[in-house]
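Each remark here refers to the structure printed beneath this line.
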Amino acid sequence: MSVQNVFGYVTGWVQNVMFRQTLMRAAIKRGIIAGATNNKNDHYRVDFSMKGPEPKINELLNEIKSGKVLNSWGARALDVKITDSGKDPLEHKVNTTTVDTFNWDKDVEFYL
């Protein structure tokens, strides 16, 4: 199984709705190393990086692209764009190794 590095961004209802935490929890479940950062200039955009098994990354990206609500706070992607380059997943402040160090609101249900 090949390991894939993917960089990109998601637009939609993705800031202030627990999207980054939702993405990290979904990545951990699939054995993917991931990180995400809110875009300071666009409040409808989150930049992300992932590294892991290609089929698992594709599965997760397809679920995000589905347009379905991703958690009980209403996070929903309208578009996902893949870019040629980006940060290493662990360079993001919120990533799969740091997600449990944040004082997230506990009242959220994840659908991914």
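Counting begins at 1 with the first residue displayed.
Note: Cβ is positioned from N, Cα and C throughout, glycine not excepted.
Automated prediction, rather than curation, is the source of TrEMBL annotations.
Per TrEMBL, domain 'Acylphosphatase-like' is recorded for 5-98. This prediction places the mean pLDDT of the domain 'Acylphosphatase-like' (5-98) at 98.
What TrEMBL records for ARG20 (among others) is active site. Residue environment of ARG20 (active site) contains 26 other Cβ atoms, counted within 10 Å of its Cβ in all protein chains.
On its own chain, ASN39 (active site) has TYR9, ARG45, VAL46, ASP47 as residues at least 6 apart in sequence with a Cβ closer than 8 Å to its own Cβ. Reduced to three states, the DSSP call for ASN39 (active site) is coil. Taken from TrEMBL, the feature active site applies to ASN39 (among others).
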